[in-house]
């Protein structure tokens with residue numbers, strides 16, 4: 001009986017959050033261990049379906065770096081990185097698109113649909129479908145300068161940045177009870193494909209559709225302080241300060257930068273959470289304590 005009472009308390013705790021976020025859009029960047037561990041995959045899918053059934057509209061953007069590297073090696077192509085970004089020549093771009101749009105995307109769609117029932121369906125999209133993600137070649141000078149990193153001289157190939165999002169397509173799908181699952185492959189003016197960083201894609205999509213929340217699933221607890229302890233709440237100014245001090249460093253810098261960009265474009269809150277924790281999305285969104293770092297403008 002006590003266990004049942006505790007479960008009831010959990011539902012009661014979630015109620016005000018369900019009421020507050022009903023009808024709102026959450027963009028979720030899906031990556032890391034949550035994509036590979038079977039229990040975490042199932043936990044993620046169930047969480048996404050639950051969000052939809054309680055009236056929240058999830059939009060999923062996924063990565064796939066490790067799978068791309070493995071597939072390139074199978075084809076005898078050695079993965080190359082320039083300044084931490086995958087050098088994407090034409091041959092590599094074909095593999096990137098094949099893995100992201102054809103393999104990973106459809107696997108995630110099937111996973112969510114396993115739990116979604118008869119009224120809700122996940123649908124897979126590439127950024128090239130319906131010109132969902134219009135892109136151009138990444139301005140590497142601006143990108144690396146903003147991160148405080150030296151600008152590499154080597155050409156990065158078909159690495160892109162998003163210049164426009166087909167909001168109408170996303171909202172049409174959401175209004176018809178679909179859960180969009182988006183592969184971060186952009187389309188250029190001439191129809192060429194671009195490899196877009198999934199964090200940046202999620203940030204741009206969230207900003208353009210003015211999402212209530214942008215949630216990053218990661219393989220870390222969140223943003224950590226000087227002692228390695230989790231920072232539960234972070235403002236834009238504090239984030240900038242921690243970047244300058246070197247507390248926020250390495251791979252967390254571009255993630256936080258993309259979070260700040262989303263906030264500046266109208267997203268209410270960004271959450272960087274530990275995707276290694278089962279049901280981390282629900283714990284972050286529907287409990288007072290949360291399980292990651294919440295980032296806001298002020």
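The first residue you see is number 1, and the count goes up from there.
Yeah, the Cβs are placed from backbone N, Cα and C, and that goes for glycine too.
The model shown is predicted, which means the values in this text are computed figures rather than measured ones.
What Swiss-Prot annotates here:
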type: BINDING; residues: 64, 65, 86, 195; note: substrate binding site
type: SITE; residues: 29; note: site 'Transition state stabilizer'
type: SITE; residues: 255; note: site 'Transition state stabilizer'
Cβ-centroid neighbours of substrate site 64, 65, 86, 195, 8 Å, sequence order: 63, 68, 69, 88, 96, 99, 100, 197, 198
For residue 64 (substrate binding site), nearby residues of its own chain (Cβ under 8 Å, 6 or more apart in sequence): 31, 35, 99, 100, 103, 104, 183, 198
Shortest C-alpha distance to residue 255 (site 'Transition state stabilizer') - which of the recorded positions 29, 65, 195: 29
Pairwise Cα distance for residue 65 (substrate binding site)/residue 29 (site 'Transition state stabilizer') [Å, integer]: 13
Residue pair residue 29 (site 'Transition state stabilizer'), residue 86 (substrate binding site) - Cα distance, angstrom, rounded: 19
The one of 29, 65, 86, 195 whose CB sees the fewest other CB atoms within 10 Å, among these recorded positions: 65
Cβ-Cβ neighbours of residue 255 (site 'Transition state stabilizer') (radius 10 Å): 23
Pairwise Cα distance maximum in Å, substrate-binding residues per record: 64, 65, 86, 195: 12
